[in-house]
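Q: One structure follows; several queries about it will come next.
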Amino acid sequence: MRLPWVNGILAFLSSQVLQCLCVQELHVNAETANKISAAGRRMRCSSPLDILILLDGSNSIGRGSFERSKHFASKLCDALDIGSDLIRVGAMQYSGAPQVEFRLDSSFSKAAIKEKIKSIVFKGGPTETGLALKYIVWKGFPGGRPASVPKILIIVSDGKSQGNIKLPAAQIKGEDIEVFTVGVKFPRWEELHALSSEPQEAHVLFAEHVDDAVNGLATSLTNSSLCSSVPHGCSVQSFPCTRKTLETVKELTGNYMCWKGSARPGTVFPGHCPFYSWRRFYNKHQAQCHRTVCPDPCDSQPCKNGGTCIAEGQDKYHCVCPAGFGGDTECAPQLSLECNIDLLFLVDSSDTTSLEAFMQHKSFLKRFIQASLSDESPLNVGVAQYSNEVQMVVKIGEYQSMAELLKHIDNMRFMGGGLFTGKALRYVTQYGFKSTPVFSDVRDDLPRLVVLLTGSKSQDSVTGPATYARDQEVFLIGVTSDSNKGEMAEIVGNPLNLVTYSNPQQLFNQLPQLQKRICSIDVQGCQAQPLDLAFVLDASTAVGQEKFNRLKNFVTMVSLQFDINRDVTQIGLVTYSSRPETVFGLDTHDSGSSLLQGIGRASYMGGSASTGSALLRVYNDVMTVQKGARPGVNKAVVVITDGRGAEDAAVPAQKLRDNGIMVYVIGIGNIQRNSLLRLAGSEKFLISVPSYESLGHYEDSVVQRVCEDAKSPVNLCKPNPCMNDGVCILRQGSYRCDCRGWDGPHCETRILRGDSHWPQGLHSRSRQQRHSRKRRLKSVSGSRSSRKKP
């Protein structure tokens, strides 16, 4: 049997839960509800009106709900144009007896009235709504104006009056007072409807939804022609709404044994006593709620490509864009690919990758096309999927529009089966791109690129097919999971062409990286970016003649990617064993053909290796102004070695870096990593190549790294362009050399003996004077000789 005090606690807890339930529901979607609330914050009533707010301060309301009533009254003031000639506001509180809190003529300032509302103190007591209405009928609005000014009474109550309210309500309405009722807590809607003016559904509101209540009140005032508060472009709409009244009923739940008395004094006997429980339920009242709805800046759906529009006030918005978009405020493509290439996407559709991963790859592919391409894009796109076999979904360029291309991708079906990436690479290299007839006058020489999307390790070998693809001048970019990074790096060859992700969401975040890589895949060298570049080749016995020839071939292939001339790229070459040899300096060759001939003349040396001496040779004999180095141009040194003999190279390498010269180290084979890392300075500048045979796969990687770093700002005084211990001084985007005992722009001319103690400015003036005297002497002697002639 449940004890009475337990029932009391449960009833209290139940009431606290029920207070969280909504007792008024507008049957609208969340977007419309937000628009109603936003309109409520924008509406302003600006006609002459007398408004009296009647606050229920009884015990049935309680202190908490009374504070919410005050909050509603304060928010209502924000929608009113308060002034002595416009809207005047007063307030009364009632419980057992009515009490004037402040008169309508006490303040004409919105801030002052809100402060007065804030200072109202809860009274407590019985709920005598009828008595408060009679007071207003007898004495009118306290501080009100003549009858010509419309009067509005706003009753904020839970509608649980302890007296008769029908007669006072009729009397109030007979005084031409328009009555609004605003429910608080769990209102008794029947009583609020009886108190309010007609139409009742437009004059009954709910205080807990402040913006909605203000909207409804202002809308009704507009419909009654008492004021015009609907903002421009907004409209009044009617919505179905449900109002709920919380009822409590007493129900017999059983009997229990109890002792009952009898007519005879002192006599009791056992019997059955009834046990009751209280059940709470809602009575529903269907109604129509009239609200003002204003257009939203997001109504026109300005955010493209799946972006989410977030309104910021009446006219502004911002878009939350999916990855790969965000080129402007409306989620337009972030990067429009304008390069001319044949692009083939090769998508893993095997059981190894799973159906879920296949769908993610499809979504990624669609997102990429939407974000990067348009019908005017010069790229030719194709799509293939593979497992045991390869299926061409769309051949290169065989579609009329991006919409048609996306439709083909939508129609892709999961194949299942084994994962044979090597077989697929060989197939698309042979048959995936358009072939040009042998006797055609026009050669289709567009760069060819395959973007491989797979997250798993292949069941067949990928090394041979990947090498075959690169030999056929097919570029490879890999998009894969972190777990498959090793095999994909072997496929693409160049680490910069590898795009990895750790989870499906991060896959979409890699869109910008893929966009960036695609159009830079065919970039040759540094294009118009000036660069002074020196190669340092290990020609020691440890390398051998055959491998040294591979190094020369690597330098040749890399050099082909640069525009060799005095204004763009200059290249120098140093070979070394125990001693270094400058094969040619930066200013030796001014054309590509001449440079290639110079590389071919580099000879194998043999002997032990000293990388440090070679770097000192670069510093003292190659990267100098007298040997063609250009001030204000980025400078880089590429050292190719297996690490032997590099123990003495750390200090010279740091000397180069301290003078603004980048040092890249290509370590081949089973390298001595620690010594080469000290030589490179950081992981960024160390490129590990598994073997001499693999060097060819790293040509693009080296070029791209050097060219990317060559975009960095340059210090004109590093390395020092001043010869013969001159001091370089920066000045306004240029520099000058402060020379001691030398003259010329770079201190290249020795000053004549006897002039060394003169200031530098006098050297040039004295020489000018000597040259002037010589010219005058020549002129005089010439005139004399002419006079001697017959």
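Glycine too: its Cβ is placed from the backbone N, Cα and C atoms.
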Q: According to Swiss-Prot, C739 takes part in a disulfide bond; indicate which of C728, C747 is its partner.
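A: Swiss-Prot says the disulfide from C739 goes to C747.
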Q: According to Swiss-Prot, which residue among C321, C339 is joined to C331 by a disulfide bond?
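A: Answer per Swiss-Prot: C321.
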Q: Which of the disulfide-bonded residues C303, C309, C321, C331, C747 has its Cα closest in space to the Cα of C717 (disulfide bond)?
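A: So, spelling it out, the nearest of the disulfide-bonded residues is C747.
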Q: Measure from the Cβ of C728 (disulfide bond) and count the other Cβ atoms within 10 Å, all protein chains considered.
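A: Counting Cβ neighbours of C728 (disulfide bond) within 10 Å gives 19.
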Q: Quick one: Cα separation, C739 (disulfide bond) versus C722 (disulfide bond), in Å?
A: 8
Q: Tell me, how many other CB atoms lie within 10 A of the CB of C739 (disulfide bond), whichever protein chain they belong to?
A: 23
Q: Checking the disulfide-bonded residues C303, C722, C737, which are within 10 Å of C321 (disulfide bond) at the Cα level?
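A: The disulfide-bonded residues close to C321 (disulfide bond) (Cα within 10 Å), listed in sequence order, are C303.
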Q: Where C747 (disulfide bond) and C722 (disulfide bond) are concerned, what is their Cα separation in Å, rounded?
A: 6
Q: Name the residue among the disulfide-bonded residues C303, C309, C321, C331, C747 whose Cβ has the smallest number of other Cβ atoms within 10 Å.
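A: So among C303, C309, C321, C331, C747, the disulfide-bonded residues given, the one with the fewest Cβ atoms within 10 Å is C309.
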